[in-house]
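Heads up, the thing below is written out as structure tokens.
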Amino acid sequence: MTSSTKRVPRVPTYSPDKVVCFKVPANTEVTEKNLKPGYSNASKLAAEFLGCIVFIFVGSLSGLQTMPANRAIRVALAHGFANFVLACAFGHISGGHFNPTVSLAVALAGKLNPLLLMPYFMAQLSGGFIGALLVRAVTTLEEYDSILGGSVMPGANPWWQSVITEAVLSMALCNTVLMCAVDTDKNQLASLGIGFTVAMSALSGGSISGAVLNPARALGPGLVATIFATSKNATTMIWSQHYVYWGGPAIGSSIAAMNYRLFFAQPEWRLLP
């Protein structure tokens with residue numbers, strides 16, 4: 001036996017939310033890596049909080065009207081790259097959600113402790129607010145007012161078209177997270193797939209609903225834009241269809257979680273044979 005291994009009668013293994021112990025043969029060799037303790041709930045919430053600050057900061061800045069050339073591509077790539085980088089950095093700690101919609105899907109799929117769901121929401125929403133404040137700190141009032149926080153309806157589409165767009169794209173995002181990152185820990189391209197899904201969503205649905213897919217991306221910037229709004233009309237534009245960014249993603253994440261539990265989960269988690 002090498003110096004890096006030891007014999008133990010019980011091996012602690014760590015899921016994202018709790019410790020699970022199981023019995024193994026007495027002579028099983030276990031490496032130090034397998035004995036590494038998991039992250040605390042405080043670490044998970046800090047990861048979600050900091051991740052949302054960066055995600056909203058990068059995403060909102062990418063939409064400034066002062067750089068109109070190729071704006072749609074710039075916004076899509078900024079959000080996709082940000083999600084990819086943050087998932088690489090914090091995914092092994094908190095799951096790398098940075099989105100209440102994703103956290104809801106993971107919880108409904110049985111992969112996140114329900115008691116952590118509300119704290120995750122609070123960390124993500126507060127991180128979104130701080131990120132939006134930082135955007136305001138580095139832009140002029142005119143620049144910030146030009147994007148109204150960065151999460152408003154881009155056109156005059158009926159509300160139901162925007163809800164459908166947000167629901168379908170949120171389902172795609174949550175499905176990617178569940179299948180690539182939650183269902184297995186062996187997919188080395190999970191973060192890249194999630195980032196590409198975010199970019200794809202922005203490119204395809206941005207002109208209809210804005211392809212926000214994330215209540216934290218909508219609420220924080222909306223609140224800060226309201227605080228610094230220069231007209232009542234701007235405030236009306238921010239909140240008149242804000243519900244789309246909650247209802248659509250909630251529907252999409254619920255459908256993704258249901259599909260996962262019914263058809264796509266590992267056999268021990270799947271509800272249907």
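Using the three backbone atoms N, Cα and C, a Cβ is placed for every residue, glycine included.
In TrEMBL, the annotation transmembrane segment applies to 84-108, one of the ranges 84-108, 159-183. Here the transmembrane segment (120-139) has Cβ contacts under 8 Å with residues 44-46, 48-57, 60-61, 64, 94, 97-100, 103, 112, 149-150, 215-217, 219-221, 223-225, 228 of the same chain, all six or more residues outside its ends. It is 84-108 that, among the stretches 45-64, 84-108, 243-263, forms the most Cβ pairs under 8 Å with the transmembrane segment (189-213).
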